[in-house]
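Residues or ranges marked as transmembrane segment in TrEMBL: 64-87, 107-127, 165-185, 192-211, 217-238, 302-324, 336-357, 364-386. Residues or ranges marked as domain 'Major facilitator superfamily (MFS) profile' by TrEMBL: 69-391.
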């Protein structure tokens with residue numbers, strides 16, 4: 001679930017996303033700045049004679065730190081996918097080992113989304129209060145605690161508590177990771193780098209599917225600790241979001257973080273000024289209220305945004321993703337083979353979608369994927385209806 005990327009979602013989880021009036025105003029300011037209404041904000045700090053030199057410097061320097069920082073951040077996306085994919089391959093083993101009824105396991109599988117909703121609601125205030133890195137640390141802590149509780153569980157109650165904790169961490173990751181990547185990525189690479197968020201979610205889910213066919217459910221919960229461990233370690237080596245630092249008035253830290261991301265030889269004066277001017281313009285706005293969301297000028301955007309999310313969740317992918325192994329078993333198809341094929345297909349299609357999104361556009365891909373979801377749901381419903389009524 002990403003506020004800052006418009007990509008196909010093949011492995012979504014029900015998460016409440018709150019778009020505040022302030023966020024909508026940010027979009028308007030950004031559009032005005034990039035559209036040229038405030039040309040002064042985009043005036044370079046250097047003369048015409050030095051433009052060529054700066055461009056050469058930008059071309060010379062390779063932003064490896066941006067890529068490394070993005071890699072560390074998307075470990076949270078990978079963790080997101082592992083959390084979602086965990087319940088499908090482990091259903092039979094957990095029910096057998098802990099003597100759970102189908103209803104008890106269904107609660108275990110679905111309670112993840114309740115934790116994710118709470119995490120998504122609180123993620124914005126957390127990220128603004130302790131920073132993007134701080135929010136990722138909080139999220140990692142919940143995921144680690146949740147996986148450990150699941151690993152040591154002897155009954156349904158601790159199992160549900162652990163699942164709820166991982167869901168909360170997943171919900172925070174769903175917001176802070178794409179926001180952090182969008183804030184640290186250069187404009188010319190922002191689209192590609194933010195796409196990695198969704199791609200790593202699918203990779204994580206597919207990893208859980210595949211490893212779940214060869215590992216015990218307790219061992220698979222330990223696999224869930226790996227991306228959070230990499231993330232926590234990596235956070236010591238990457239800078240905080242420059243935009244958050246600028247917003248907090250930490251000018252020296254803001255400049256230092258921007259310089260680290262772009263390289264010590266890169267000229268960051270123009271981008272630094274643009275960010276500071278943007279923050280200044282944002283602070284001059286009146287403090288928004290929730291009811292401002294329902295103003296007429298926001299109605300169309302609000303309807304489209306919320307409508308797409310509602311349609312996405314009612315597509316039924318959550319039920320398929322959480323219980324894929326059982327669905328294949330009931331359909332008479334080998335669950336191991338079906339789960340692996342399901343995982344591989346997600347990776348391939350997500351890669352195709354990421355490659356085509358800027359060329360084909362968002363709307364055509366939404367129409368194609370939506371049509372596929374409707375067709376798949378109809379076939380699945382008819383198949384199980386006939387199975388029940390013809391046998």
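In case you wondered, yes, glycine gets a Cβ from its N, Cα and C as well.
Predicted automatically and left uncurated, TrEMBL annotations should be read as such.
Fewer than three CB pairs closer than 8 A are found between the transmembrane segment (217-238) and the transmembrane segment (107-127), and contact between the two stretches is not assigned (pairs 6 or more residues apart).
Remote same-chain residues near the transmembrane segment (364-386) are listed as 8, 10, 308, 311, 315-317, 320, 327, 330-331, 353, 356-357 (criterion: CB distance under 8 Å, separation of at least six residues from the stretch ends). Mean pLDDT for the domain 'Major facilitator superfamily (MFS) profile' (69-391) in this predicted model: 87. Taking every listed stretch (165-185, 192-211, 336-357) in turn, the largest tally of C-beta pairs under 8 A with the transmembrane segment (64-87) is reached by 192-211.
Panel annotation: around the transmembrane segment (192-211), residues 2, 4-5, 7-11, 66-67, 70, 74-75, 77-86, 88-89, 177-178, 181-182, 185, 220, 223-224, 227, 321, 324, 339-340, 342-344, 346-347, 350-351, 354, 357 of the same chain, lying at least six beyond its termini, place a Cβ under 8 Å from a Cβ of the stretch. Packing against the transmembrane segment (336-357) from elsewhere in the chain are residues 6-8, 10-11, 85, 88-89, 191, 195, 198-199, 202-203, 205-207, 209-210, 212-213, 324-325, 327-328, 365, 369: each is 6 or more residues past its ends and has a CB under 8 Å from a CB in it.
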